[in-house]
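**Q** Please find one structure pasted underneath; my questions will follow.
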Amino acid sequence: MAFVSMKELLQEAKEHHYAIGQFNINGLQWTKAILEAAEEERSPVIAAASDRLIDYLGGFKTVSAMVAALIEEMSISVPVVLHLDHGKSPERCKQAIDAGFSSVMIDGSHSPIDENIAMTKEVVSYAGVRNVSVEAEVGTVGGMEDGLIGGVQYADIGECERIVKETGIDALAAALGSVHGKYQGEPNLGFKEMEEISRVTDIPLVLHGASGIPADQIARTIRLGHAKININTECMVAWTEKTRSIFKDNPDLYEPRAYMTPGISAVKETVKHKMREFGSSGKAVCTQKIEI
């Protein structure tokens, strides 16, 4: 099965008030767990590779070929989006598209809005004729993830409206209080601003840094237009805690499969739980495929 664009998937999710999870991949076994979870839940899924991990994972072509091969070997029948997370430049986004990625995020959020819009327009122009979806970001999500470090800077409503109207993006990540990594204290999301941004942009919104946000707040973000929710830290914590417990009980263990398998199973269960929480379980639909 080829990868699919997330454009139609997110439009469907927004219309029917559920969200599709983006789960970041950290290697072959990790990817396998995400795909297994999606197939068992009959949920569409967004498998994402952070631009800051692309080289660690072997490069754009390696990531694309690995995920495509797993889809074929595992007979995955649900829609799978292969997404570049936090693309650092238009050039990097183009490399991902050329390698077979079906969706990209251009992260110009640390630049002035005019530069952000210019970069985003360049990516949309390249992606659009190739049926590849594009996500952009306004404002700054705080915390640290895959080397991305920063403080929270709320998205400006006017800038959100501008970038949507001037670029033709398919999804918008508007920073409204979420953070990458673990939360220090309770999350403090800007629901009032969220509602207004959803109203003026009228496109699917993306929630970054969703790990650790309580289920009732997640449900509220979905009601307010979020159709894509990004999860990474919760999966990493599940894997790490399980792996640590294995070594604590078996300090002399050295066979990788023996200690990796329980951790990967923990990742899979975390993904399945999130799919149910987001309401995407049972929502697998057919959409446009991107051949690689």
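From the backbone N, Cα and C atoms, a Cβ is placed for every residue, glycine too.
According to Swiss-Prot, the protein has these features:
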ACT_SITE  Asp85  active site, proton donor
BINDING   His86, His180, His208  Zn(2+) binding site
BINDING   Gly181, Gly209, Ala210, Ser211, Asn230, Ile231, Asn232, Thr233  dihydroxyacetone phosphate binding site
MOD_RES   Thr233  phosphothreonine
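What's the neighbourhood like for each of these?
**A** In the three-state DSSP reading, Asp85 (active site, proton donor) counts as strand. Cβ neighbours of Asp85 (active site, proton donor) (same chain, under 8 Å, six or more residues apart in sequence): Gln22, Asn24, Ala48, Ala49, Ser50, Asp51, Met105, Asn230.
According to DSSP, His208 (Zn(2+) binding site) is assigned to coil rather than to any helix or strand.
The Cβ neighbour count for Thr233 (dihydroxyacetone phosphate binding site), using a 10 Å radius and every protein chain shown, is 21.
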**Q** How would DSSP class Asn230 (dihydroxyacetone phosphate binding site) in three states?
**A** strand
**Q** Between the Cα atoms of Ala210 (dihydroxyacetone phosphate binding site) and His86 (Zn(2+) binding site), find the distance and write it as a whole number of Å.
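**A** With distance taken Cα to Cα, His86 (Zn(2+) binding site) is 15 Å from Ala210 (dihydroxyacetone phosphate binding site).
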**Q** How big is the gap, in Å, between the Cα of Asn232 (dihydroxyacetone phosphate binding site) and that of His208 (Zn(2+) binding site), rounded to a whole number?
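**A** Counting only the Cα atoms, the answer is 9 Å.
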**Q** In angstrom units, rounded to an integer, how far apart are the Cα atoms of His208 (Zn(2+) binding site) and Ile231 (dihydroxyacetone phosphate binding site)?
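**A** Checking the Cα atoms of His208 (Zn(2+) binding site) and Ile231 (dihydroxyacetone phosphate binding site) gives a distance of 8 Å.
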